[in-house]
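**Student:** Below, the features straight out of Swiss-Prot:
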BINDING   GLY81, ASN112  anthranilate 1 binding site
BINDING   GLY81, 84-85, THR89, 91-94, 109-117, ALA121  5-phospho-alpha-D-ribose 1-diphosphate binding site
BINDING   SER93, GLU227  Mg(2+) 1 binding site
BINDING   ARG167  anthranilate 2 binding site
BINDING   ASP226, GLU227  Mg(2+) 2 binding site
Amino acid sequence: MSDRLKPLIGTAATRPLSREEAEFAFECLFEGEATPAQMGGLLMALRTRGETVDEYAAAASVMRAKCHKVRAPHGAIDIVGTGGDGKGTLNISTATAFVVAGAGVPVAKHGNRNLSSKSGAADALTEMGLNVMIGPEQVEACLLEAGIGFMMAPMHHPAMRHVGPVRAELGTRTIFNILGPLTNPAGVKRQLTGAFSPDLIRPMAEVLSALGSEKAWLVHGGDGTDELAISAASKVAALEGGQIREFELHPEEAGLPVHPFEEIVGGTPAENAQAFHALLDGAPGAYRDAVLLNAAAALVVADRAADLREGVEIATDSILSGAAKAKVALLARLTNAA
């Protein structure tokens, strides 16, 4: 332990840290050079004042540099949310990932266990028979053979072991709730990323731009979820060509009906997995339409679809042809053989 972080704790409470100062601070955290009290002090100073784009970008760049990296195919996309919306929905981003992969777009999905629902991405995948506790080489093999791979955050970010206990003791949101979607170990350049607050979508888009993303949609559902909503309009900050455009998106713009929010509320991992299987078998309803909407957006971000309506058509074919379901079966086989 050292006192190198100490001066920056007081600074962080009174003014934004520069990119260089923030990088130094997070180097101290990730190298285990700070005491738990110092870590907590820095995290709460940032949270109380409000983190800046430079601070997000600095923390994300240090975290990316220290992760166990994965080589992904060209054009790979991540489909992920911050979690923390407290809405307990069915596993929409997870199902979306398989639908998009079934449409021929490589998906390098970064995720963890439950945060905002009773069943996070890793919980749902485990319930469906996939082994999520695999390392970078196995994930790369999955991406090459199946066109989809799941990167369990703790398996790829060993430096987080230093801050994990502090986060648990604080018991409140910190900058790390935002960093997950910004620190994909495969370094993908395209993202469909949901945020638990509409106030985060533009800053997160600015961070992804600073970190080299080519095209990304940062979204917040009008129903309060960290994905495009099927029950209301959603806010979007779209990054493309270094420019950010903000707009609202309604399900009907994609040719989809509006459904009551209650129809996408999830349950236990087993119940969510059952709904997931039914969706892959073609069951209609709010869950499928929510997945189609998010898949359509991902296909636009991946340049696989020209617009949302075409994206819905492609995503529908991925489900009804059995392509999305086949991806689940293949990934289950590959991860359990690892």
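Just so you know, the numbers here start at 1 and follow the chain as drawn.
The backbone N, Cα and C atoms fix where each Cβ goes, glycine too.
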**Student:** Can you tell me the CA-to-CA distance separating THR89 (5-phospho-alpha-D-ribose 1-diphosphate binding site) and ASP226 (Mg(2+) 2 binding site), as a whole number of Å?
**Tutor:** 10
**Student:** Which site among HIS110, ARG167 has the most other CB atoms no more than 10 Å from its CB, taking these as binding-site residues?
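**Tutor:** Sorting the candidates by Cβ neighbours within 10 Å, the top entry is HIS110.
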**Student:** Would you mind checking how many other C-beta atoms are within 10 angstroms of the C-beta on GLY81 (anthranilate 1 binding site)?
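**Tutor:** Around GLY81 (anthranilate 1 binding site), other Cβ atoms within 10 Å: 29.
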**Student:** What subset of the binding-site residues GLY81, SER93, ARG167 lies within 10 angstroms of GLU227 (Mg(2+) 1 binding site) at the C-alpha level?
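**Tutor:** Those close enough are GLY81, SER93.
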**Student:** Out of THR89, SER93, ASN112, which of the binding-site residues is least crowded by other Cβ atoms within 10 Å?
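**Tutor:** Candidates: the binding-site residues THR89, SER93, ASN112. Fewest Cβ atoms within 10 Å: ASN112.
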**Student:** Should any of the binding-site residues HIS110, ASN112, ARG167 have a Cα within 10 Å of the Cα of ASP226 (Mg(2+) 2 binding site), which are they?
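**Tutor:** Cα within 10 Å of ASP226 (Mg(2+) 2 binding site): none.
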**Student:** Measuring Cα to Cα, how many Å separate SER93 (5-phospho-alpha-D-ribose 1-diphosphate binding site) from GLY81 (anthranilate 1 binding site)?
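**Tutor:** Just about 7 Å between their Cα atoms.
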**Student:** If one measures from the C-alpha of HIS110 (5-phospho-alpha-D-ribose 1-diphosphate binding site) to the C-alpha of the residue listed as 'anthranilate 2 binding site', what distance in angstrom results, rounded to a whole number?
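**Tutor:** For HIS110 (5-phospho-alpha-D-ribose 1-diphosphate binding site) versus the residue listed as 'anthranilate 2 binding site', the Cα atoms are 20 Å apart.
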